[in-house]
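One structure is given here, and the rest of the page talks about it.
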Amino acid sequence: MSPLLILTTILAVFISTSIADPDPIQDFCVGIPAPTNSPAYTGFPCKPESNVTSDDFYFTGLAATVKTYNRFGTNVSVANVDTFPGLNTMGLSISRIEHAPGGLNPPHTHPRATEMVHVIEGRILIGFVSTARRFYSKVLNDGDTFVIPRGMVHFEYNVGGDTARVMTAFNSQLPGVEAAAPSLFGTDPEIPDFVLTKSLQVDVGVIRLLKSKFQNQN
Ligand SMILES: *[C@@H]1O[C@H](CO)[C@@H](O)[C@H](O)[C@H]1NC(C)=O
Ligand SMILES: *[C@@H]1O[C@H](CO)[C@@H](O)[C@H](O)[C@H]1NC(C)=O
């Protein structure tokens, strides 16, 4: 390889791994969701501008208090392009998270976005792991903010005595979620046991137990 080709390749790799959603090329493009659309990078086709109304830029889905009676004690409400098509091509989204005391948002990653976490009220332990396997964490209180770099494994745990309310903002209209445990033990079809026993250096009984907890569940 010539030095120029090597440089071009390195630059291409760097640029392709550092871009988030593409920039919009018009004021807005209110999405028309359809089952055949691929919502990820390509986005949705635009609603004709003559059909667009103020309601297309308005979303009430984060207003309601949600139930946290589930095994993790956490409930996430999302405003992304799937639930709020007005976000199409805007390059951002937001979620509201309610944590019961002891509630956990289990380890997961967002492959397409950096995440800003802002505590409205409550006390949460938040942490992420870098590619060097260093664990960065902090206890956040009312009004505190923390940033989770794109793609890093992270979690939030309510260490306070009351419900914790958190808003999280993403620089993608559809950040995506890949949950750590279900990605190994809750896949469809299953990852073969011999891959997991060797990967985790445990007996097959341990793998079966873990699969029983995550098959057909979140
Ligand atoms: C736009 O509005 C017209 C008139 O109300 C309607 O017939 C048409 O289906 C709408 N198109 C879209 C894509 O919403
Ligand atoms: C989140 O809350 C909504 C509204 O209360 C409820 O319908 C939904 O089942 C809850 N999800 C979980 C995972 O608890």
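Just so you know, glycine gets a Cβ as well, placed from its N, Cα and C.
TrEMBL: automatically predicted annotations, no manual curation.
The annotation signal peptide is assigned in TrEMBL to 1-20. Annotated disulfide bond per TrEMBL: Cys29-Cys46, in sequence order. What TrEMBL records for 60-208 is domain 'Cupin type-1'. What TrEMBL records for Asn105, His110, Glu115 is oxalate binding site. Annotation source TrEMBL lists Mn(2+) binding site at His108, His110, Glu115, His154.
Feature annotations (TrEMBL) mapped to structure.
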residue: Cys29; record: disulfide bond; Cβ within 10 Å: 21
residue: Cys46; record: disulfide bond; Cβ within 10 Å: 17
residue: Asn105; record: oxalate binding site; Cβ within 10 Å: 25
residue: His108; record: Mn(2+) binding site; Cβ within 10 Å: 17
residue: His110; record: oxalate binding site; Cβ within 10 Å: 23
residue: Glu115; record: oxalate binding site; Cβ within 10 Å: 22
residue: His154; record: Mn(2+) binding site; Cβ within 10 Å: 23
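When secondary structure is read from DSSP and collapsed to three states, Cys46 (disulfide bond) falls in the strand class. Each of Thr109, Phe128, Ile148, Met152, Val153, Pro175, Val177 belongs to the same chain as His108, His110, Glu115, His154, is absent from that list, and has a C-beta within 8 angstroms of the C-beta centroid marking the Mn(2+) site. Per-residue confidence over the domain 'Cupin type-1' (60-208) averages 97 (mean pLDDT, predicted model). Cα of Glu115 (oxalate binding site) to Cα of His108 (Mn(2+) binding site): a distance of 12 Å. Each of Ser95, His108, Thr109, Val117, Ile148, His154, Thr168, Phe170, Pro175, Val177 belongs to the same chain as Asn105, His110, Glu115, is absent from that list, and has a C-beta within 8 angstroms of the C-beta centroid marking the oxalate site.
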